[in-house]
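*Asks:* Input: one structure, supplied below.
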Protein chains: 2
Amino acid sequence: MIKRPLTKALILSLGFMAGSAAADQLLDRARSTFEPIPKYPPVIDGNELTQSKVELGKMLFFEPRLSSSHLISCNTCHNVGLGGDDYLPVSIGHGWQKGPRNSPTVFNAVFNAAQFWDGRAADLAEQAKGPVQAGVEMSSTPERVVSTLKSMPEYVERFGDAFPGQDDPVTFDNMAVAIEAFEATLITPDSEFDKYLRGNTAALNDKEKEGLALFMDRGCAACHSGVNLGGQEYYPFGLVERPGGAILPEGDRGRFEVTQTASDEYVFRASPLRNIELTAPYFHSGAVWSLEEAVAVMGTAQLGTELNDSEVQSIVAFLKTLTGNIPEIRYPIMPPSTATTPRPTDIVP
Amino acid sequence: MIKRPLTKALILSLGFMAGSAAADQLLDRARSTFEPIPKYPPVIDGNELTQSKVELGKMLFFEPRLSSSHLISCNTCHNVGLGGDDYLPVSIGHGWQKGPRNSPTVFNAVFNAAQFWDGRAADLAEQAKGPVQAGVEMSSTPERVVSTLKSMPEYVERFGDAFPGQDDPVTFDNMAVAIEAFEATLITPDSEFDKYLRGNTAALNDKEKEGLALFMDRGCAACHSGVNLGGQEYYPFGLVERPGGAILPEGDRGRFEVTQTASDEYVFRASPLRNIELTAPYFHSGAVWSLEEAVAVMGTAQLGTELNDSEVQSIVAFLKTLTGNIPEIRYPIMPPSTATTPRPTDIVP
């Protein structure tokens, strides 16, 4: 009588320990490769996230008068209600022109090592200056932006509050710094995967754990690691096998355009995978709408592996655990234009 | 000794009473002409403002996938952060096409007797169907909208909650009804003028009261009365003197396009004046950027009166007291597209 329960208990216990040990092993491996999104925005060197600066940055993020047409704001292509991007293959900008690449999500972008698909901006403040001036995006100029902001007394006051002690706080650079401060608050903590990383092993189901294991075993995590599962390093797209021209158009040579170095041809920043289920279509070309297809393409192009359907499904199930809590954003109320605010111009140069 | 203070008190008291009587007379006249914005959204016959319907309507209001390009939402042209419209002379829509008329504010639109500059929609639900289908605005179709919404399980569930007991709640009509429910909450109570109408005579200063008196004495209030100071009736633009073609383009014959009745040529709905300082440029043509100029044009065109500068300034000061509390709106989080969601098409037909 006394033995059976003991034996049973022992078997159960061993089984549990084995399962637990395997689970812990998976968790340990995951913890050595990935990091959870922190609960609070990170500290940015030289850009303290004061309330007045973050609030100003939010106004500027939603401010269509930063574009020369007065129609396009940061939020047009980085829509905070749509996963932080625009659900388009490539964005539509000034004059209905199409941009060259798929718009990356603004969520968690603060954790990327550099910004843009080719990493040509070191940080979000530098990034923010790009689209405002790009002819195919917002098509404005630093001078026009400063004139616009200085024409509205509320902005002048808010820049003063956000950048205290400066003689002339309303500058193009400070615009970008304020936008960076706001964007740094756009983080999505508490995904199921992050709960798992923090020790709640029940946060992932078996299929999702299988996907996580495959993601590490097959080599995905070699490029997609860290807090954003990507966004840190540059890699050639088509490392093993070049995908077709729809997915990897010949004309866009990626980081080569920045460095003019032959080894950077078709090199792109590994895409950050946080909230990936919310940010179709995929790749810098935005050519692939299905996450399953995107995973399969990565298998052949980057890893030289034909992932079978079940493996793809498991990896996709895992990737869907990367969806975190989307930040709550109160729509900012922007001040009215004044007699000196530059008028909108919708003419395409 | 005893007389002087009495006399002084009497004089003061008489003076106060005289001022008070004059003030009360102005207030009485104002109360017989205008009404304050109610503190809470109005009851709409046949469209109960349930929380699930208002929340769904908000998502739809911000939903760019109601446009065929997936770029344009109701909020693009009726921006809740920019006075409820877009600060453009005429809106820019699908394919960068320009609309024919200035976009009216969505704020307090629920109090208008009919919608659009020509009143061609009886209510906001009917109005909401127009821009979604207009080739120069969102360029979609009822069928495409229904396919889009049905492709996302969260929308199907939300339509079910918002329209309980219906067999097939995801319809184009219900889309419009939900948007109307949300828009009915976009009211701006507690302007200084409304405080005045409610009895706080100190809410307007002397110049603003002078402007209010002029607004009634000179005849502005004949067309701009009621809760929205306009939005109720149709009047010919250029009643006394036709303004130039920039302000009143010959090609746009207003309500005539709806009724095909000669007496409706160049007839437009009197513009509602709530929050008018936030909604430049002015008139259906959007040709006038300055509120002062708009008031002066109205004087000559509608009243046959050359208002002098001081009068214009007083009326403008009064009009600025019509700015109310802008509603706080939390940006909605929209569900991701699925494999069956129609893909964006940016082709201009």
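Cβ from N, Cα, C; glycine included.
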*Asks:* Given TrEMBL annotates A:Cys220, A:Cys223, A:His224 as heme c 2-binding, which of A:Met138, A:Met298, A:Met334 belongs to that site as well?
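*Replies:* Given A:Cys220, A:Cys223, A:His224 bind heme c 2 in TrEMBL, the matching entry from A:Met138, A:Met298, A:Met334 is A:Met298.
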*Asks:* Which one is closest to A:Met298 (heme c 2 binding site) in space, judged by CA to CA distance, out of the binding-site residues A:Cys74, A:Cys77, A:His94?
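*Replies:* Checked the binding-site residues A:Cys74, A:Cys77, A:His94; minimum Cα distance to A:Met298 (heme c 2 binding site) goes to A:Cys77.
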*Asks:* Going by Cβ pairs closer than 8 Å, show me which of the binding-site residues A:Cys74, A:Cys77, A:Cys220 neighbour chain B.
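*Replies:* Going by the Cβ criterion (under 8 Å to chain B), the binding-site residues yield none at all.
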*Asks:* Should A:His78 (heme c 1 binding site) be counted as helix, strand, or coil on the basis of DSSP?
*Replies:* coil
*Asks:* When you measure from the Cβ of A:Cys77 (heme c 1 binding site), how many other Cβ atoms are you left with inside 10 Å?
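*Replies:* There are 25 of them.
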*Asks:* Run through the Cβ atoms and count how many others sit within 10 Å of the one on A:Met298 (heme c 2 binding site).
*Replies:* 26
*Asks:* Here the binding-site residues are A:Cys74, A:Cys220, A:Cys223; which one has the lowest number of other Cβ atoms no more than 10 Å from its Cβ?
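*Replies:* Taking A:Cys74, A:Cys220, A:Cys223 as the binding-site residues, the minimal 10 Å Cβ count falls on A:Cys223.
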*Asks:* With a radius of 8 angstroms around the mean position of the C-beta atoms of A:Cys220, A:Cys223, A:His224, A:Met298, what other residues of the same chain does the heme c 2 site pick up?
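*Replies:* Leaving out the recorded residues gives A:Phe215, A:Gly219, A:Ala221, A:Ala222, A:Leu229, A:Gly230, A:Ala270, A:Leu273, A:Gln302, A:Leu303.
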*Asks:* Of the binding-site residues A:Cys74, A:Cys77, A:His94, which one has its Cα closest to the Cα of A:Cys220 (heme c 2 binding site)?
*Replies:* A:Cys77
